[in-house]
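One structure is given below, encoded as structure tokens.
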């Protein structure tokens, strides 16, 4: 029996190490258990590479078995300590090697040195410009590790790798000691190059870059390692602790052993995102009419605050386990926050963990500043009482005086937090430590009213929470839901699009690119198999950029702009079939371009653009300066954006096609043939038979649509109620009794229940719960295979697939892709396929590849090539490690050895099902989805116009006419309508009166003149249907709340100061309103 390892909790470091700020919470000083020692020989690293190749090539439902095989072989041959292996499988979660400070550019320079390449040679340029197209060259681009593999393979003389897993880990430790220079990295990488094959170096490079590209993350890996592993990881974020605590697969944790602990970072609970986010649906999902909590949504950084020793030691970390104690202070008297709040707790509070948001408070203007100012505020002006400072806004308490509170209901935790037992007069710490503003509600009306109040106080939105739920680490569900307001001139979401071209300006913008053509990427992501992505034109943007932005666009990219020839457009651009809307004066190659963030009022159909619709009144909100022209380094939180990371067509369709609808043949051209699945006729369920009430908002897929389940009994992991919720989540109805026509699908693991035996007497199929789990893992309802049936009717026994095993059925691989099509696995057994499919059925199969299946196919082809080059000795070692115990690509003489894996009715079944779900969830999180559309097989047909984001009503639309699409480049306020908050206008509209100063009146008169001169329309009534903005002076802002309330419908209006108008005129463009709200 395993024993717990003792832990010595070391306080987190507070100073910089080797001049570098720590990026992850420090690992715990951990003592290895006495019997958790590896006594066998570590395998050669190429064995792990073989497993990684298989993980990359296998379908999701096969990865769990492969992982359990890896871990089982390791325990048998090496020992119980799997940490050296798991840290290689999850490099981005390795806290002992948090950063290598090695990105693609540095690795490219190092390998140019190691391979003795001439700097300007083609090979060197392929490494340096690894994302750029290679013309007609067969060499891959877009995947740096694969580019390196090709260059190394062409020059390496290493036929068999010499390094073990232990040796590779030691070399990686050397690379991660801190920030080094190229001359320091080269000797270590050269040692790797001299002892590793090109294949091994490819995987080492992926480990260094912390992205293995195997579509599996911590949930899948840890679920295969141990049933309790993910629960423990969620509360400690420490792989070593997980591996050393759960080294014995037979040991199970008690519930109190997965509690939160002091000075251990954990993965916090996050907000879910609803497909249909109307306030009524949000209220239903959150439990209305039961009471719920509404909190103000804050624009800061999620932070955990740990304190112990009656305030002697403090620890701050982000939701991604980044340690910020060096900023805020580890001890009283230190940092930009701890020194001011160290005395805030009651004397009897020995230790505590708080969850909250770190904001920036400006004491001069008495308001919170933008999130981007947080780090500078935390670093500077420790002793300046007038300078902006960090302010921790608390919304939850999770630990108190050695007791974890995460399993207490939210209502209890809230009551304790505000009881006066935690803080001494927290109001005395205003601007440093505060409660999040919150209120109770019971319906959509309460949400609407509180949202209005938050907007009136210049807030961002709400978070609505259920009161009767526990705190769930690393969860993003409907227990917490985010609510944001909508404004009259913009949609709820901004888009990140790539610039494809531009038009020369006139007048004041003469000689500059004044309008930009932007597009959406066709490839969903960079898989390294194409030279570069192609783009469909989407919108043109000429507003929102300042004078300096136009200068940067012209000067930094002067050599990249090329004349556009309408008769011979560049091949990467897919244009609209009609008109000149997307025919620019100049274009720019994607690899030289940059990404901009755009907001707009709505989406409208438009045949003049390649995608078939465009944005109405688009405005540039932010420019992501490309790496080559940036004059500064990105910080830890920043994300590089380029042609591979800009918004894709699929991303766009996902964002603006909610709620999702399954495609059917009635939706127009480009019809997709589907394999027919025999399903029970939908019945109208009498309310008494429905059982628990579940919201339609919880439905995420249509796997079981048109099916009704009668679940008699569940499993230990999924009791009856949970199983009902699961099938509902995937589109099914459920009933508490069999339907009159006996069409409800009966689910039970056995026939012990009298209700089940009654169904059997009527000849009704009784199906095991595993059928549900396996169907979800494959994203389609499986046929009734014998191994899933407790009792089979004569009709089921006559079924085509009844006597096939799941393994045999998988060879045909009717795995539903994300667009609803069925796929034939090219590696499927041809004989089996012919045996169970007739010609007519084959014609019904849509053989268009989904993105993930294409990646797996290419990975299998790559695997075949690599396996064909194995030496006899390597093949023997692979066989000993289970890599050749089943059919490897190209082998035909080996058979699967997993016949019994699903037939054994034991705890292994439920663990396997749980593991399959974890693998599936990892794939969902790790990639951009492919979505329903009516695009044809060739991909050239237009998709259906999104369901939401499109406005089919002319009333209340922006613009002087429904045909207006863009802001005017010369008259920047044209198409906008302004109400000026003067005392005279207030009287006309029945608003509160005021006596503004002469200066205030003068400023508003001047602003009105500027608006009219630059195309704006001034409205005297706040009820004007076209109203978009309200101008309010800082010195007469008493009507802010009143105007916010009275102009909220149908969408809210921007309330800005006269300074916004003046700065827009100076910059000759529309600027971001968020920076100009009245005080």
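Backbone N, Cα and C atoms are what each Cβ position is placed from, and that goes for glycine too.
Together with 295, 297, 298, 302, 357, 460, 465, 482, 484, the ATP site in Swiss-Prot holds one more listed residue from 395, 399, 423, which is 395. Taken residue by residue, the domain 'BRCT 1' (699-789) breaks down under DSSP into 31 helix, 13 strand, 47 coil. Residue 357 (ATP binding site) counts 20 other C-beta atoms within 10 Å of its own C-beta, drawing on all protein chains shown. Here the binding-site residues are 295, 460, and the one whose Cβ sees the fewest other Cβ atoms within 10 Å is 460.
Averaged across the domain 'BRCT 2' (968-1078), pLDDT in this predicted model comes to 89.
Remark: of the binding-site residues 298, 482, the most isolated position is 482 (fewest other Cβ atoms within 10 Å of its Cβ).
For the ATP site, whose annotated binding residues are 295, 297, 298, 302, 357, 395, 460, 465, 482, 484, the maximal Cα to Cα separation is 18 Å. For the domain 'BRCT 2' (968-1078), DSSP puts the residue distribution at 46 helix, 14 strand, 51 coil.
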